[in-house]
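In what follows, a structure is listed as structure tokens, so that the remarks can point back to it.
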Amino acid sequence: WQVAEAEALVHTLDGWSVVESMVVPSKTPDGKLTFGKGTLEHLTERVRGSPEITAVFLNVERLATPTKKELEARWGVPVFDRFTVVLHIFRCNARTKEARLQVALAELPLLRSRLKSSTARPDAQGWGSRYIMGSGESFVQVQQRLLKEKEMKIRKALERLRQKRRLLGTRRRRQEFPVIAVVGYTNCGKTTLIKALTGDDAVQPRDQLFATLDVTAHAGWLPSRMAVIYMDTIGFLSQLPHSLIESFSATLEDVAHSDLIVHVRDVTHPETELQKASVLSSLRGLRLPAPLLDSMLEVHNKTDLVPGYSPVEPQAVAVSALRGHGLPELKARLEDAVLRATGRQVLTLRVRLAGAQLSWLHQEATVQAVDVIPEAGVAGVVADVTVVISKSAYGKFRKLFP
């Protein structure tokens, strides 16, 4: 399954294809990946003897720069690790200003490691000793300073966007729309599920890894006609380098400020349990509030491809987002979870139709039903109104209409 995932990463990039996949033993002395002599000779012979091979992707988290250079010199082609391939996918899929800034921030460790490697060789064009135009700084020192300045600019720009996001979040909370964050391993079907739940034709799922890099918001309605906002988030991946997760932490802040997390799993994947563990580990790394993690709802997706599927976990909901199977049960479970998480309650209130009470309830709560009671005597025409209402809104109602 790791080979399949590595191939899927390559196929995500336009114009990239897999010529051959091999599983080979590796040795890791001193924390640097190297191959045994026999394995290295076999690989060198294979790469050098195949003109169709124009690059090699080693499915390891990070390659030390000296190791990378040594392998490239032996094989005569570029060598990529998991970090550089995922980063390139991010670069290609970044659509918004925030996503592009986050990719630029994630690239900085790579640039620094290359610069560090060049300083390790004093003879490298004399860069370590020459001073530039009497500034007292060597070429490498200038490069280091420029990288530091670049990082500060990117972080300031991201902080401005983060503040804007917080402001939007505050407005959203003030309007009291419940927020449901949809998370999961990359390509598990999050976007397809959101499209099925909202009926939003503007949502266009793609069958590829990291199709979603930006958090996007989509309005939907639960069975009680309560409006909610579904947040589509970036997919998780095992062995995703920490610096990549850190650079996208601004985006994932939306998960922390949601009322409910829905964890979508692809039950057709042979290592669905490992994918689950990877997602939960990443979520714990975000230091989310304990009640938010405890109330997380697990959704098992793509069950149409597994005949007779039934979840082992008692609380999980089995669905097929593509075929629409299991969606009514999921919506009912979402409603129960949202009501618990937000402290909303279902109440039946008797109101006078002549006053402003009913219009106020339509504006500030979710009106489920209005049953008119025509014979109400001197009080005039009244109605029993069933509403889904938050505690704060109910407090306002009691104060305005004692």
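Backbone N, Cα and C atoms are what each Cβ position is placed from, and that goes for glycine too.
What TrEMBL annotates here:
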COILED    140-167  coiled coil
DOMAIN    178-342  domain 'Hflx-type G'
BINDING   184-191, 210-214, 232-235, 301-304, 320-322  GTP binding site
BINDING   Thr191, Thr212  Mg(2+) binding site
TODO: Compute the C-alpha separation of Gly184 (GTP binding site) from Thr191 (Mg(2+) binding site), stating it in Å without decimals.
DONE: 10
Open item on the list: Using a 10 Å radius around its CB, how many other CB atoms surround Asn187 (GTP binding site)?
Closed with: 23
Task: Number of Cβ atoms other than its own within 10 Å, given for Lys302 (GTP binding site) - done: 23
TODO: To the nearest whole angstrom, state the Cα distance for the pair Thr191 (Mg(2+) binding site) and Ser320 (GTP binding site).
DONE: 12
